[in-house]
Amino acid sequence: MSATRTVEVGGQPGYAVHVGPGVLDRLAEHVRPGRRVLVVAQPGREVVVADAVEALGSAGARVLTTTVPDAEAAKTAEVLTGLWALLGREGFTRDDLVVGVGGGAVTDLAGFVAATWLRGVDSVMLPTSMLGVVDAAVGGKTGINTGEGKNLVGAFHPPRAVLCDPAWLRTMSRADYVSGLAEVVKCGFIADPVILELVEADPERAADPAADPELAVELVARAVQVKADVVAADLREASLREILNYGHTFGHAVELIEGYTWRHGDAVSVGMVFVAELAHRAGLVDGDLLARHRSVLGALGLPTAYPGGADRWADLRAAMGRDKKSRGDTLRFVVLEGLARPTRLVGPDEELLRSAHAAVS
Ligand SMILES: NC(=O)c1ccc[n+]([C@@H]2O[C@H](COP(=O)([O-])OP(=O)(O)OC[C@H]3O[C@@H](n4cnc5c(N)ncnc54)[C@H](O)[C@@H]3O)[C@@H](O)[C@H]2O)c1
Ligand SMILES: O=C(O)C(=O)C[C@@H](O)[C@H](O)[C@H](O)COP(=O)(O)O
Ligand SMILES: [Zn+2]
């Protein structure tokens, strides 16, 4: 049995991300006698939910469980309203706890319920997807989508703990797992090139959720460390945190245009190639680093082009204008000016944007 890896996330208060077998034992640390707990679960995660409910119950909690729709269908105002109604009917107080069980869609939703109920109650996240554990459950960004864009409504509300048994990830489909690896690769490009080397050494092995548990945990720990370092320094995205948005300006636009049917990591993968093309045209990224984006993402089976987008430039451009990093009419992109050297490209020329788009169409 491998040891638990723990990454501390600094803050007021800080919290820990524990990745290892038996992590559910730590749920008891968040239970006081009689404390009520709402478990917000993704469909299909019944075994994890049952284990969590047992751990919470044995520690003396009064547990209520609810299952929300799968994937992005969970991140809607309607689902959120339903959860508020449930908490109200059940009389949840500021002393109580919300636990999210599932992929990033559910941890975003559960985190936002916790952020907004009575202006904020505690939450603990049990991410069951690769993307959830390396990114969504960590760092306190919570929220839902709207018809106008991705994550347009939300709050910064860090959890009290993030617990993940890596065995949970092994039941993931390869497509969902690899989508999560896009965020891991993102961390490689913006901060930790060892991640890129680990993936490049054997992309087939890295892409298989069950092939190499040690490699999987190493990638998780490295990506979580990148995120922890950033959010500890800039929780509310005054500046530094924007680097975690590498590839997201274009990626979120694709997700909106595709009616939230694209996997988030797939969209971010194309978004990273788009922004590398943009930075290359701006003289910031050389040909080798640009090519490395296509090669590492492509080797994992991630998309490096958005073929459907060729006729959709106007829609993509409008959606990118609603990106949270925009200021007024000015688009702002996180770009690299070298490996692990993120910076911003502010208000790039429209021709440059069109040309980068053509390169990923
Ligand atoms: N808050 C943040 O900082 C942050 C960061 C990155 C992404 N996100 C958000 O996270 C979401 C993407 O997360 P995701 O990729 O986990 O998507 P997801 O939650 O939609 O899960 C993807 C699919 O994997 C399934 N799944 C989850 N765990 C599984 C398991 N153990 N075994 C088998 N199947 C499993 C789900 O049921 C779903 O069908 C997006 O909404 C994105 O915007 C948020
Ligand atoms: O944690 C962050 O900060 C990120 O940007 C991480 C992203 O991977 C994540 O997709 C996040 O939800 C995007 O945030 P948004 O503010 O662009 O909606
Ligand atoms: Zn993301």
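Placement of Cβ uses the backbone N, Cα and C atoms for every residue, glycine included.
TrEMBL: automatically predicted annotations, no manual curation.
Together with HIS248, HIS264, the Zn(2+) site in TrEMBL holds one more listed residue from GLU183, GLU337, GLU350, which is GLU183. Taken residue by residue with DSSP, LYS150 (NAD(+) binding site) is part of a strand. Around SER129 (NAD(+) binding site), the same-chain residues at least 6 positions away in sequence with a Cβ under 8 Å from its Cβ are GLY102, GLY103, GLY104, ALA136, LEU169, MET172, ASP176, TYR177, GLY180. By the rule that a residue counts when its Cβ sits under 6 Å from some atom of ligand 1, the binding-site residues ALA74, SER129, HIS248 yield SER129. For the domain '3-dehydroquinate synthase N-terminal' (66-176), the number of residues in each DSSP class (helix H, G, I; strand E, B; coil) is 48 helix, 32 strand, 31 coil. Within the same chain, residues at least six positions away from HIS264 (Zn(2+) binding site) with a Cβ under 8 Å of its Cβ are GLY104, LEU131, SER179, GLY251, GLU255.
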